[in-house]
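The N-linked glycosylation site annotation in Swiss-Prot covers Asn21, Asn151, Asn227, Asn344. The feature disulfide bond is assigned by Swiss-Prot to Cys46-Cys126, Cys154-Cys179, Cys174-Cys220, Cys179-Cys220, Cys272-Cys336. Here Swiss-Prot flags 59-78 as region 'Disordered'. Here Swiss-Prot flags 148-234 as domain 'Ig-like C2-type 1'. Annotation comment: Swiss-Prot describes 357-377 as transmembrane segment, evidence class sequence analysis. Sequence annotations record features per position, and here Swiss-Prot assigns topological domain 'Cytoplasmic' to 378-614 based on sequence analysis. The domain 'TIR' annotation in Swiss-Prot covers 405-558 and rests on sequence analysis.
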Amino acid sequence: MLCLGWVFLWFVAGEKTTGFNHSACATKKLLWTYSARGAENFVLFCDLQELQEQKFSHASQLSPTQSPAHKPCSGSQKDLSDVQWYMQPRSGSPLEEISRNSPHMQSEGMLHILAPQTNSIWSYICRPRIRSPQDMACCIKTVLEVKPQRNVSCGNTAQDEQVLLLGSTGSIHCPSLSCQSDVQSPEMTWYKDGRLLPEHKKNPIEMADIYVFNQGLYVCDYTQSDNVSSWTVRAVVKVRTIGKDINVKPEILDPITDTLDVELGKPLTLPCRVQFGFQRLSKPVIKWYVKESTQEWEMSVFEEKRIQSTFKNEVIERTIFLREVTQRDLSRKFVCFAQNSIGNTTRTIRLRKKEEVVFVYILLGTALMLVGVLVAAAFLYWYWIEVVLLCRTYKNKDETLGDKKEFDAFVSYSNWSSPETDAVGSLSEEHLALNLFPEVLEDTYGYRLCLLDRDVTPGGVYADDIVSIIKKSRRGIFILSPSYLNGPRVFELQAAVNLALVDQTLKLILIKFCSFQEPESLPYLVKKALRVLPTVTWKGLKSVHASSRFWTQIRYHMPVKNSNRFMFNGLRIFLKGFSPEKDLVTQKPLEGMPKSGNDHGAQNLLLYSDQKRC
């Protein structure tokens, strides 16, 4: 279907080559004086935009009674720049379409003619590829006459290729005008790369200062006439800008060392990269030589490429290739030779057998070992308490044997709470001490605790009872809060500190139940104890479960006991401690936790009231 659509459009637009009526095309006559000394380049323009402007200007000058002529080209500027070229000999043969793979090159509306036929007249027609059927006059016909150049021996002939020196003054001459003695300074029309240069009307073009952008393809036109007709003489000159000669010897950029480590039996590529300063009349030379004892020979080049080229210098690389490095190559010398008109430079390189990379493996192994040590150290630092508890689990040592003490720990807490806290049923220090501590430390791990409100019969002397209980305990656990430090129970902490200074087996553990500020009335020893004694922080719901970090730290400070009855429970809960702490809202609460209609509501209430109290 797509092919049929193209065929239909081709017939509608009248794109058939045969029968193309070019009588309405704008006509130009050009003369090309061809020189037989070398291959010249000739250019034809297809400026349909200029034709459109000329017709529009002519139509604007008509009187109001005259009807304006139809615009010859109604397409956009982009459409008018995409043109198709045709050629026709003078004999009247049919038009021939110039394809893209023909000897004539097409670029941006220009046609480059490379192979002229002397003493011949050809017609070249161009028109847009995309046009409406009524644009029959949207075309340009150029009648080109090719003649050999006369007066070949005339002096000061302008070349079709001219060179300008950067940073200096210069001029561009029209080649066709230099040997035309019968033409006296005609008015010129100059083009550069297909664009009109309206500021230049004379020959030559004088330049006060030459820059890189001055190079390009220049076209010069001037008009000649006789009594019968007139025609345009055209010539093309290619202008190239160059810099001043750099009078320095070539510099070898690579190789930069005198030796190269290689592997025997492997292929090898040896590049020689050289920087040459610009020299107009000198050709750079790069060669590779091989020297062996008294013999020397040149090696064939595997590859040559130009790496960089500017108006000041150029970098060229020549490469040789060895299919296999042999033991004999280790005794040879490979010489890179570079030369210009100023002098030459050489670089000699020798091949050396590459040693085994034992050092690399040693370094890699050491680095891996160091990384392993650092990872192990970080693991031990983060899970040190868990590792210690694991060792205690399998260690047949019980430090409670023979110490003549009755309790593993004495728990001190505040049993006073404000009416506001009681109203919401918050998790108080008393609930933590009387419910959670027995469930975890006694029921799960087999420790024996002493709770004043549970295990001491009232009626004795309070101070004497406290001192007696602390002396019978291996540890002292103190739940700190604002009500504790500002209440009468702070005496128990003071008494324990005094006893710990005498009894080295008594160790004290502080639990920061919530944030508090030290009262000024605290004794000096108590203030100092708050700074030096180990402290474990209670974190609300995160600390409730027996596998939480809170209970792991408490067990770390508790005495070591060997109880086979509780070993399985301790190991199971201990392994949970290596995994990240989970959100305990989804876990089943301990039996000592207050129950409500649903477990989520009870635990959220505990977290909320705990934060409100502290």
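Cβ from N, Cα, C; glycine included.
Recorded features from Swiss-Prot, shown on the structure.
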residue: Cys46; record: disulfide bond; DSSP (3 states): coil
residue: Cys126; record: disulfide bond; DSSP (3 states): strand
residue: Cys174; record: disulfide bond; DSSP (3 states): coil
residue: Cys220; record: disulfide bond; DSSP (3 states): strand
residue: Asn227; record: N-linked glycosylation site; DSSP (3 states): coil
residue: Cys272; record: disulfide bond; DSSP (3 states): strand
residue: Cys336; record: disulfide bond; DSSP (3 states): strand
residue: Asn344; record: N-linked glycosylation site; DSSP (3 states): strand
Task: Neighbourhood of Cys336 (disulfide bond) by C-beta distance under 8 A, where only residues 6 or more apart in the same chain count - done: Ile252, Pro255, Cys272, Val274, Ile286, Lys287, Trp288, Arg318, Thr346, Arg347, Thr348, Ile349
Open item on the list: For the C-alpha pair, I'd like the distance in angstrom between Cys174 (disulfide bond) and Cys46 (disulfide bond), rounded off.
Closed with: 21
Task: Integer mean pLDDT for the domain 'Ig-like C2-type 1' (148-234) - done: 79
Task: When distances run from the Cα of Asn344 (N-linked glycosylation site) to each of the recorded positions Cys46, Cys126, Cys220, Asn227, the nearest one - done: Cys220
TODO: Take the C-alpha atoms of Cys46 (disulfide bond) and Asn227 (N-linked glycosylation site) and report the distance between them in angstrom, rounded.
DONE: 28
TODO: Helix, strand, coil: count each for the residues of the domain 'Ig-like C2-type 1' (148-234), based on DSSP.
DONE: 6 helix, 34 strand, 47 coil
Open item on the list: Return only the integer: C-alpha distance in Å from Cys126 (disulfide bond) to Cys220 (disulfide bond).
Closed with: 21
Task: Neighbour tally for Cys126 (disulfide bond), based on other Cβ positions within 10 Å of its Cβ - done: 24
Task: Rounded to the nearest Å - Cα separation of Cys220 (disulfide bond) and Asn227 (N-linked glycosylation site) - done: 24
Open item on the list: Validating a neighbour-count step here. Other CB atoms within 10 A of the CB of Asn344 (N-linked glycosylation site): how many?
Closed with: 12
- [ ] Using a 10 Å cut-off, grab the number of neighbouring Cβ atoms around the Cβ of Cys272 (disulfide bond), all chains included.
- [x] 25
